[in-house]
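Encoded as structure tokens, the structure appears first; notes follow it.
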Amino acid sequence: MTSENPIHNALYLAFNRSQWAELRESVPLTLNEPELADLRGINEKLSLTEVTDIYLPLSRLLNLIVGAKQKRGLVLNEFLGRKPPKRPYIISIAGSVAVGKSTTARILQALLSQWPEHPRVDLVTTDGFLYPLAELKRRGLLQRKGFPESYDMKMLVEFISNVKAGNEHVKSPLYSHISYDRLTDDYQAIEQPDILIIEGLNVLQSGQDSAVGIQQPFVSDFVDFSIYVDAEEQLLKKWYIDRFLQFRGGAFSDEKSYFHHYSNLADNEAKTIAANIWDSINGPNLKLNIEPTRDRAHLILQKGYDHLMSQVLLRK
Ligand SMILES: Nc1ncnc2c1ncn2[C@@H]1O[C@H](COP(=O)(O)OP(=O)(O)OP(=O)(O)O)[C@@H](O)[C@H]1O
Ligand SMILES: CC(C)(CO)[C@@H](O)C(=O)NCCC(=O)O
């Protein structure tokens, strides 16, 4: 079990696909019909082999890790002689734009909620904590969306700290990829789930990162288990362009879409525009602010061609 990266060798156990797939053990090989329907709804391109080989072992690992924390909580409560407070276990998912964070998060949400020990699994994305479009414009940050300074970090940290404290009703703002803005008339309510999954570009960032500033604490201070989804930049750029082309035929055709003016572009023009957005915003953000946080994660999922997982790295 070796990787080509010496830092990874020192910090992580590395598994190739078949080594990882063997670790599924007692998790049933087949999914029942409602589970399958749930997963197909998430992403029609998702292969079921990927679910059995990669995500079922991951679901088993997370079930064991969450269980260990729950047991520790019982010991602590007995020691303190108090009624157990209901605090969610928090899992974060970081990685580049277009690497598949939200797809991974939704698969894990569906699989983790099948375990009787933690049936309620909620999912939030940090996109909702981007400053509203008007505020981004006011601050001159329209070309820096996704960079640390484009998020209302105070609001995000307040949110995660309220969830972690076990508050009964915590509101999370919602982002629309259509209006390219925070929604003003809707929000998501988080009501003491067993597990909260939080996904975003920035969930592993901390005070060591100069662009983040030195305010404390950080999302990562509240996270119990962190995952980084990793892929080579040339693949990420391709996935970004592919998704942009898909949006052009779908979401952009909505008149309310911020990118409606892109909906009639020819293939080549659309590809050029998407490649430019990648090269000027998402690529530099990856190199400056996202990739440097990778080796803080408890688990790294490395994807190759076609989103197929090539290697899994687990902190020793
Ligand atoms: N496991 C997968 N198999 C096939 N396609 C996938 C998989 N995961 C993601 N994709 C595709 O890759 C693209 C990006 O996925 P997704 O929206 O989940 O990424 P993201 O990291 O959440 O992006 P963003 O940060 O921009 O919100 C989408 O077009 C999605 O359909
Ligand atoms: C909303 C974010 C920042 C993160 O998902 C990203 O999708 C984004 O909008 N980036 C800015 C450049 C672009 O439109 O891709």
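Glycine too: its Cβ is placed from the backbone N, Cα and C atoms.
What TrEMBL records for this protein:
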BINDING   Gly95, Ser96, Val97, Ala98, Val99, Gly100, Lys101, Ser102  ATP binding site
DOMAIN    90-250  domain 'Phosphoribulokinase/uridine kinase'
Which residues does Ser96 (ATP binding site) neighbour through Cβ under 8 Å, counting only same-chain ones at least six apart?
-> Leu201, Val229, Ala231, Glu233, Leu236, Asn282, Leu286, Ile290, Glu291
CB < 6 Å to ligand 2, subset of binding-site residues Gly95, Val97, Ala98, Val99, Lys101, Ser102, seq order -> Val97
Considering only the binding-site residues Ser96, Ala98, Gly100, which possess a Cβ situated under 6 angstroms from at least one atom of ligand 1?
-> Ala98, Gly100
Apart from Gly95, Ser96, Val97, Ala98, Val99, Gly100, Lys101, Ser102, which residues in this chain have a Cβ no more than 8 Å from the mean position of the Cβ atoms of those residues at the ATP site?
-> Leu201, Val229, Leu236, Trp239
Counting across all protein chains shown, how many other Cβ atoms sit within 10 Å of the Cβ of Ala98 (ATP binding site)?
-> 21
